[in-house]
Amino acid sequence: MADFVASLNAVLWSTPVIYILLGIGFAFSIMTRFLQVRHLKEMIVQMFKGKSSEAGVSSFQALSIALSGRVGTGNIAGVATAIAFGGPGAVFWMWAIAFIGAASAFVESTLAQIYKVKQDGQYRGGPAYYIEKGLGIKWFAVLFAAAALIAMAFLMPGVQSNSIAAGIQNAFGISPFVTGCGLVLLLGFIIFGGVKRIANAAQMIVPFMAIGYILLSLIIIVMNVSELPAVISLIFKSAFALDSAFGGLIGMAISWGVKRGIYSNEAGQGTGPHPAAAAEVSHPVKQGLVQAFSVYIDTLFVCSATAFMILFTGMYNTQAADGSFIVHQLKGVEAGPGFTQAAIDSVLPGFGAGFVAIALFFFAFTTIMAYYYIAETNIAYLARGRESKWAMLGLKLIILAATFYGTVKTASLAWALGDAGLGIMVWLNVIAIVLLAKPALLALKDYERQKKQGLDPIFDPKALGIKNADFWEKEYTHESERVS
């Protein structure tokens, strides 16, 4: 099993694949004229606009659900792993993939809004929907929905719950079995409450956990502020093989930085579009901009917080390709949350293990919530027009079982399975958004045109020549009749 998964990951995450992902993000950046810079202010403004409705959630709730998926163990364990095997230069490549990935997140989330539907009284959308309605290739849409369902329900929850269990056992001595039981009870309470309960939980937990984590990192940075020039220099020199110690790791720095960056911020992965489609907005681009900014929050803020805590304190190990250590400050500590714990303990003795365990719990738990929502959306797609009550119940039980199983299985297998699930989804979604870039670009131009006229943009797909955007055609007709 482990050998097969390793072989699959070697193909899904080979070096040419990574460069292709970078190239696609850069191409979208050029096509949108680097909207991630031009519309930075608008991204922030749109986060707090819009209200929830019976069918949809507010922009902030959609952002919170998306961030609950983006901000997970990758922000703590993933960053540490990238530094361990790619050196400090991997941090730069995580930043790079976030910057250009914001354009990919914009495209996929705008597409999710354009082709969303109102199904069973709720807004639904995502890659499966825009593949079928935008490309007209139903088998491809079904393939993505099936892949997403398998990844989100079976493969990915274990990565998160495993990290929670390991952190809690290390900090408080509580067995993984007990942690697993507690996780299942709490998760069950939330997911059996439906989308609204997930949205409400996310909007309460996510801001609290992200701000608290970033504040602690700022305290550590201030206490080690004299190291700032050296750390920034080390990151940039290591990223481009200009540092003598890390010069031989440039390929690994790019590979680990991009892989862990994508794993963390999910830009182009096809997960963010699901909550994006649920937002109640007057124009698809509004939510596209919000989701682009969520990539910044995840990587430039939260991942950077972890990286800076580790690098400012020097609490990390980095291995060369032959297994020898280039940096070996933490003997006997495996790459992962232990780096962050040691970094915090070096400044605030005795505080590291407990804080990281609590942070991991919140980060990972909300991510599992998001996984459920994504899996539920894809079941809704596959079951359209048919009774899905029992399928939804089965999904809830499966994701609860996968979460429990993850607490007691090995971390290496958990991460390998997670990488495989992510890799499959990335490739199916990337093919789709490359082929469907035009509708998203047309929507962006339309939005910018209306903003220049001083209007609050509304969306008329027919005027732009965008077909099969049935929800928006009805919405525009209804709005026109209301105004007239």
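Keep in mind that glycine also has a Cβ here, set from the backbone N, Cα and C atoms.
Features of the protein shown, as given by Swiss-Prot:
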type	residues	note
TRANSMEM	11-31	transmembrane segment
TRANSMEM	66-88	transmembrane segment
TRANSMEM	92-114	transmembrane segment
TRANSMEM	139-159	transmembrane segment
TRANSMEM	172-192	transmembrane segment
TRANSMEM	205-225	transmembrane segment
TRANSMEM	238-258	transmembrane segment
TRANSMEM	292-312	transmembrane segment
TRANSMEM	350-370	transmembrane segment
TRANSMEM	390-410	transmembrane segment
TRANSMEM	416-436	transmembrane segment
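Recorded stretches compared: 66-88, 139-159, 350-370; the one with the most Cβ pairs under 8 Å to the transmembrane segment (292-312) is 66-88. Across 66-88, 139-159, 172-192, 205-225, 416-436, stretch 66-88 shows the highest tally of CB pairs under 8 A with the transmembrane segment (350-370). In this chain, the transmembrane segment (390-410) lies close to the transmembrane segment (172-192): three or more C-beta pairs between them fall below 8 angstroms, excluding pairs fewer than 6 positions apart. Put simply, of 66-88, 139-159, 172-192, the stretch with the most CB pairs closer than 8 A to the transmembrane segment (416-436) is 139-159. If you look at the transmembrane segment (92-114), the same-chain residues 6 or more away from its ends with a CB under 8 A from one of its CBs are 21-22, 24-26, 28-29, 31-32, 34-36, 79, 82, 86, 125-127, 129-130, 134, 235-236, 238-239, 253-254, 256-258, 260-262, 264-268, 270, 272-274, 276-277, 279, 281, 284-285, 287-296, 298-300, 303-304, 307, 429, 433, 436-437, 439-440, 443-444, 459, 461, 466, 469, 472. A Cβ distance under 8 Å defines the sequence-distant neighbours of the transmembrane segment (66-88), meaning residues of its chain 6+ beyond its ends; these are 94, 159-160, 163, 202, 205-206, 209-210, 231, 234-235, 238-239, 246, 249, 252-257, 259-261, 263-266, 271-272, 275-276, 291, 294-295, 297-298, 302-303, 305-307, 310-311, 316-319, 326, 335-340, 356, 359-360, 363-364, 366-367, 369-371, 374. Sequence-distant contacts of the transmembrane segment (172-192) (same chain, six or more residues past either end, CB-CB distance under 8 Å): 161, 164-166, 198, 201, 354, 357, 365, 368-369, 372, 396, 399-400, 403-404, 406-408.
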